[in-house]
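Structure first, then comments.
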C-alpha cells in the first residue's frame, strides 16, 4: 500500500472519529439531562485541554457565558466538571471526605517532589496531624520572630546581590524574587542550620525539584523524561541533606537544640498512635515546607514589584506611609527595624498585597476526585464518580459583580471594600486548629475548606516584610517604552509572570529613610 493511500485512510479515519465525537456530544445533550452541559470539542481525548491550558480564566469566562456556572470539559481524556461562583467554591472545597478526594488527584504530581508518606501521599487524618506538627513555626510568637529574619535576608540581598549593584539598574524581577523568597523561607521556616546550606548547589536542587510540577506530570509522573530524572535526583540529594542534619543531632545527643528550630521540633513529634515521626518523614516535611513557603511568595512578590513599577506613584505612597506611621529611631532619624506590630499601621502595604493576590493568584484551579455520585443542590445535575471536580476561586475575584472594574489593579479599592476572606460566623476546626472555612467569600487567595493553606499568615507576613523593606531602599519603574505588566505564564502548575520581566530600580539616597 502506497504512502498517499495510507495518508488518505488516516485522514478519513480522523474525520470519522471527529464525526462520531460530535454526534456523541449532540446525543449526550439531548438524552442526558442529569449531567452538566459538555463543552463542545472536535478532538476526543484532547477535548478543551489546549484552550484551558493556554488561558484558563479566558476559558472559564467564555464557558460561563455559554453554559452557566456548571459545565464539564474534557481534560486529556478526563471529564472535568467545573462549578464556578461562591456556591461552586462551597460545593467543591467544603465537600465531605467521603464524597471528594484531593489525594487521588494530586498525589501522582506531588509525591515525587515532596516525598512519600506526607501531604497527599497519606490519609487525610495523617495529614491533619502533620499540619499540627508544623504549626510550631506559624504561631504568633514565631511570626513575630520571623520579621527581623526576613528583613535581614532582604537587606543582605539588596546589599550583596549583583542584581542590585550600584545606585540604579535593571533587574529580571522574577529571578531576583525567586532568590529572595527562598532565602526568607529558609531563614524563617527552616532554621539557621538549613539556611546556611542554601548555597548554589541547593538552589540548583530546588530548581530541578521545582520542574517536577510541570502539568504533564499529572498524566506521566513517572515517565523517564529528562526533567523527571533531574527531579528524582534532586529529591534524593535534598532528602539526604536533611537526614544528615537529623543524624548528626541524634549522634550528638542534641535532639533539642538550645534554639529550637523546625527540625528540632519535628524530632520531638509523635503521632496519636504513639509512633515517633520517622526521620524520612521529617525530611519530606522539611522539603514540603521549603517549597510551599517559597512558591506562592515568589510569584506574588514578583507581581507586586511589577505592579509597583507600572505605577511608581504607589511606591512613593508606600514609602510615605512608613515615614508617617513608623518609628524613626535609626541612625540620623531613619526608620527603625521592622516589627510585627508595625504592619497594623501600614494599611496600604496590606492592600497592595491583597489586591495583587486578587488579580494574580498563583493557582487557578483546585481539583477534587468524585468518590460518590454528587447531586448538585438546586439543579437536576448529579456528578458521577468518573469525573474530577474543578473549583476556580479566582473567577469570582476577577468578576465585576464582586469587584467593580475588576481587571484594574487598584490597592485603594480595599479602603472601602472590606476583605471577605474571613467570616467569624463561618469558623470550623478540621483537626489542626480553628479557622474560617472561607468558602462563601468571592476572595479566596489561599483556598478554602479543609485544604485551605495553613501558611497564609506567614505568606502575608513574608510578603509584607519584603515589600516594606524593598520600598525603604529602592524606587521602581518600568523600562522606557513599556506600560502595564507582562502576561501570565500558565505553563507551570504555579502560574507567574512571563519571563524575563525586567524593571528599572533606583536606590534611595538615605539607606533607611
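Using N, Cα and C of the backbone, Cβ positions are placed for all residues, glycine too.
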Inset, instruction - Quickly, which of 21, 32 does Swiss-Prot have down as N-linked glycosylation site? Just give the residue. - result: 32
Inset, instruction - List the Cα distance (Å, whole number) between residue 332 (N-linked glycosylation site) and residue 32 (N-linked glycosylation site). - result: 75
Inset, instruction - Give the number of CB atoms, excluding that of residue 453 (heme binding site) itself, located within 10 Å of its CB. - result: 16
Inset, instruction - Would you mind listing the long-range same-chain contacts of the transmembrane segment (8-28), meaning Cβ under 8 Å and 6+ residues beyond its ends? - result: 35, 38, 40-44
Legend entry - Three-state secondary structure, residue 332 (N-linked glycosylation site) (per DSSP): helix
Legend entry - For residue 32 (N-linked glycosylation site), the number of other Cβ atoms found within 10 Å of its own Cβ: 11
Inset, instruction - Please state whether DSSP places residue 32 (N-linked glycosylation site) in a helix, a strand or coil. - result: coil
Legend entry - Protein Cβ atoms within 10 Å of residue 332 (N-linked glycosylation site), excluding its own: 9
